[in-house]
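This report refers to the structure that appears directly beneath it.
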Amino acid sequence: MTYLTTWTADARPRLLEETTDPARIAAVLAAIAVRFERWPLAPGLPAGAEAEDILAAYRSRIDALSAAEGFVLVDVAALHPSAAADWREVAAAARARFLAEHTHDDDEIRFFAAGSGVFYLHVDERVQAVRCEAGDLISVPKGTTHWFDMGVEPDFAAVRFFRAEDGWVGAFTGSDIATRIPDFDALARRSSSAAQPQAEAPAAAS
């Protein structure tokens, strides 16, 4: 499930809020001009589906969004666990690419067709860490300081929308804030714990 945590953006970040409620997540993100919505998952797509199959499965929604927002290029970024000898090296390099805080000269729009990844949005002395899951669409406005973590074992497929071929190039801020906020894997463990049902307290003795 989609999971949002809010942290202070100081030397010792503190957790201010956590939620899995889609309406609350959308409201928190809307307050910082970040678009968040859910698309129905396309039936029949197998695990590890090819890019062309993902694009075909969501073609009507992709075309509608592209026409409305002026996107000229759409592709699929995907990485899944593999038995290849160099997979961990490839995964680590892919993860490191946007793991530090940066901005873009264009909006960053991603639709997760499979798997998950965490966008960290640093706005107004807060960091909103939103773990996007399959079916989530997120649009980060240009100029927003943020970073993205796919975890130590990436497993996701995301449709990317661009208004220009070079719009995804990152301008890094030099801040080390990304090292102070829990990463993808720490948040995954935290959300799993939060989702566990709590045992009922024993009845008080009469």
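Using N, Cα and C of the backbone, Cβ positions are placed for all residues, glycine too.
In this view, Glu101 (site 'May play a role in metal incorporation in vivo') is surrounded by 21 other Cβ atoms within 10 Å of its Cβ, with every protein chain counted. Under the heading site 'May play a role in metal incorporation in vivo', Swiss-Prot lists Glu101.
If you look up Swiss-Prot, you'll see His102, His104, Glu108, His146 marked as Ni(2+) binding site, on the strength of sequence analysis. Under DSSP, His146 (Ni(2+) binding site) is assigned to a strand (E or B) in the three-state scheme.
Here Swiss-Prot flags His102, His104, Glu108, His146 as Fe(2+) binding site.
Feature annotation from Swiss-Prot assigns site 'May play a role in transmitting local conformational changes' to Asp107; the stated evidence is sequence analysis. Asp107 (site 'May play a role in transmitting local conformational changes') counts 19 other C-beta atoms within 10 Å of its own C-beta, drawing on all protein chains shown.
Residues or ranges marked as site 'Important to generate the dianion' by Swiss-Prot on the basis of sequence analysis: Arg110. Around Arg110 (site 'Important to generate the dianion'), taking its Cβ as the centre, 20 other Cβ atoms fall within 10 Å, counting all chains.
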In the structure shown, with every protein chain counted, which of the binding-site residues His102, His104, His146 has the densest set of Cβ atoms within 10 angstroms of its Cβ?
His146
What are the other residues, in sequence order, whose C-beta lies within 8 angstroms of the center of the C-beta atoms of His102, His104, Glu108, His146 at the Ni(2+) site?
Phe98, Thr103, Val140, Thr144, Thr145, Trp147, Phe148, Gly170
Compute the C-alpha separation of His102 (Ni(2+) binding site) from Arg110 (site 'Important to generate the dianion'), stating it in Å without decimals.
16
Candidate recorded sites Glu101, Asp107, Arg110, pick with smallest Cα gap to His146 (Ni(2+) binding site):
Glu101
